[in-house]
Each structure stands twice: as C-alpha cells, then as structure tokens.
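Per TrEMBL, the feature compositional bias 'Acidic residues' maps to 27-57. As annotated by TrEMBL, region 'Disordered' applies to 27-63. Among the features that TrEMBL reports, repeat 'WD' is placed at 63-105, 106-147, 148-189, 190-231, 277-318, 318-359, 360-397.
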Amino acid sequence: MNSPSPHHEDDEHEDEVFLEESDIIEEINVDEEELVDADDDDEEDEQGGGEFMDEADDSLHTFTGHTGELYTVTCSPTDASLVVTGGGDDRGFMWKIGQGDFAFELQGHTDSVSSLAFSSDGQLLASGSLDGNIRVWDITSGGLKGTLEGPEKGIEWVRWHPRGHVVLAGSEDSSIWMWNADTNAFMNTFLGHAGSVTCGDFTPDGKLICTGSDDATLRIWDPKSAQSIHVVRGHPYHTEGLTCLAISSDSTLALTGSKDGSAHIVNIITGKVVTSLSAHTDSIECASFSASAPWAATGGMDNKLIIWDLQQSLPRSTCEHPDGVACLLWLGQYKYVATGCVDGKVRIWDSRSGECVRTFSGHADAIQCLAASSNGEYLVSVSIDETSRVFEIAEFN
C-alpha cells in the first residue's frame, strides 16, 4: 500500500511540475510581448507616434471593411449618417455611422480609390481611381450609374458642379476632364498643364474652374470654351508643384499651397497674386479659407497648422504638432479647425486662441483625410492603418 501512494504523489508532483513549467513559459512569453508592445506604444506616444487600437480609443464608431490603406473620405450633404471611404484595396465602401451592419461596396475599380465626392443634392457619388476611371453611383438604388473614361493615367481628384450633375476631374496625365453624369457624356477636356493636376475645383458660383499642377502653375479656365483665361506662374508665385487649392465662398480668391512651403492667394478675376503667406518651412499639404472671417488655415509637413490673418498677411496663430499635418477642416461656425496628423491623432484647435482644445486618439497610423457630417455632429477620419473612425464634435460647432 505504500508503493501506490508515493506513485500517486509522484504523478501529482510530475503533473504539477509539468503544468507549472508550461504555464510559466507561456505566461512569461505572452506577458513579455504585451509589455514590449505597451512600451513601444508609450515610446511612440512620447515621440508623437500613433496610439494602437488597444490603447485609448475616443471614436464612437470604427469602420473596418477595408483591407488596405485609406486615402479618402466624404460625407453625404443630405444624409448625416452616410459616409463613403476609399483606399489602396481598390474599393470604396458606403456605410452609416452607428449602423455597423450596413455596408455597401463600390466595386469595379482596378487600382486605388483616390478621390470621392457627392453631388451637391446628395443623389450621386463619384469615385475616382488611379485606374484612370471615374464611376458614378446612384445613392438611392446603390447601383452603378455609369463609368466616365478618358484620362490615360490616375485620377487625382473629383469635384461636382455646385448646381448640377457635372463632374470635373484632374489626372496624373496633366489633363482635366468634364462630363455630364446624368448621360455619362463627355463635355470638355482642359489641356495646358505640363504635370500631374494635383488639385482643382469649380468656383462656388459655378462660372469658372481653377486647377493646380505639379508644374508649379495655377490655371483659371472657362468651363464652356475649355480655354485657359489666366496662367499664374513665376515670381512671386510657387517655385515647386502645387499640392492643395481652396476657393473663397464669393468665388474671387484662390488659396494654393506648394511643396516649396509657400502659400499664395490669387485674384481669380485678374489672375494676379494678391497675397503671399510665408511661414511654413516644409511642404504645405492642406489649405482652407474661413467663411466667417478674413482668415485662412494651412497645414504642412513642418508639423504646423497656421491660422492666417489675411488682412495683414501674417500668422494669427501657429499650432505646433508632433508630426506633419496632412489634412485640415474648418468646423461648424468656423471657430474651430480640425487637423489630421501623421502621428495618428485628430486634433481640434480654437482658431482664435490657437489652443488645442481636444485630441482624439484611436488610429494606429497617419491620418490621410477628414470629413464632417452634414449636421456637424461627427468628424470622420481615414488612416493608413486601414480603418475609418468617427468622433463626436457637436460641442465644436
């Protein structure tokens, strides 16, 4: 009877040793990995790096349908919950804030979806791709209305006429194209740029077109004749390619930013440079006019958001970031500016004081684009971390 007892104890002893060893080894390995990740996150946060998804997440909705980097986002002008995102997985997705089970895939592109835009009545959506095509979608049916073809290289941007179903797009092949989206009919091409057309739009009154290019020029066009009315180039204008363009609400001024770190304001009617804004020390990535004051905002890879007093052509506020400012958006009544940063954070700035009043965490990598819902309650960001996130901004209207 003595022999089974020690044998039983040995079993127990062996079992305990076996379990302890394996458990400890596994636990230590997992703990170490988690600690390394946590340390990495902390280090990155201290250095201005992105917070990871298991860190603080201030978003109220995360869209994870994409399988590649995201480049573009737009919100419906008529449905405050409807969002469309596009990216490097060659797909667009239509989805709704707060409705995780609703997602409609925009299929058919064969390269990255680089630009998205709703018509002003919210009835149609245009998706532009690096495959050189634009696909137009009927929002009510969710169906493809037509494919607009013509450019030989990728689409850089897509815009709609402010009062009609007319689509305008700029291409890497240095051309600009215009189509009637109701009939899928080609209307005009605008030729003259000597480099990729990186930015462009109709004036808000719909009477003219402004386009900026890698060739360091701004062109102002007549949409009907497709003739170039003004070409803005040379001193005192940009010395390197244009990256961004904004047009004032009264259709008289164009604000452009460039790789050379300069921003200029051009009188659209005369084609003359009226103001030069010098303070950035690296490429300007985004620019926008305030609609409620004679101010403008620019963001750049020098880690700065600058709020400009346009009457004095001087910085009103300089808002320092830990990394480059990729995109910006004036919010609500134009008191606040939202920025998307390479560090993965979305920040809200008081344009009057220059103070950062809110930092939204959640993304794990650089923010590429921002859009606001039509009711002003939600800010939607897209990132190269393959997600889109929604943040509540009602208090900043």
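All positions are counted from 1 along the displayed chain.
Cβ coordinates come from backbone N, Cα and C, glycine included.
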For the repeat 'WD' (360-397) against the repeat 'WD' (63-105), do we get 3 or more Cβ-Cβ pairs below 8 Å once near-sequence pairs (under 6 apart) are dropped?
yes
Who are the chain neighbours of the repeat 'WD' (63-105) in space, where the CB to CB distance is under 8 Å and they lie at least 6 residues beyond its ends?
111-118, 120-122, 125, 127, 129, 131, 137, 139, 142, 368-375, 377-378, 380-390
Looking only at residues six or more beyond either end of the repeat 'WD' (148-189), which have a C-beta under 8 A from one in the stretch?
111-112, 114-120, 123-124, 126-136, 195-202, 204-206, 209, 211, 213, 215, 221, 223-224, 226
Run through the repeat 'WD' (106-147) and tell me, per DSSP, how many residues are helix, strand and coil.
0 helix, 22 strand, 20 coil
Residue distribution over DSSP helix, strand and coil in the repeat 'WD' (63-105):
0 helix, 25 strand, 18 coil
What are the helix, strand and coil residue counts for the repeat 'WD' (190-231) according to DSSP?
0 helix, 20 strand, 22 coil
If you average pLDDT over the repeat 'WD' (360-397), what do you get?
98
By DSSP, what is the split of the repeat 'WD' (277-318) into helix, strand and coil residues?
0 helix, 24 strand, 18 coil
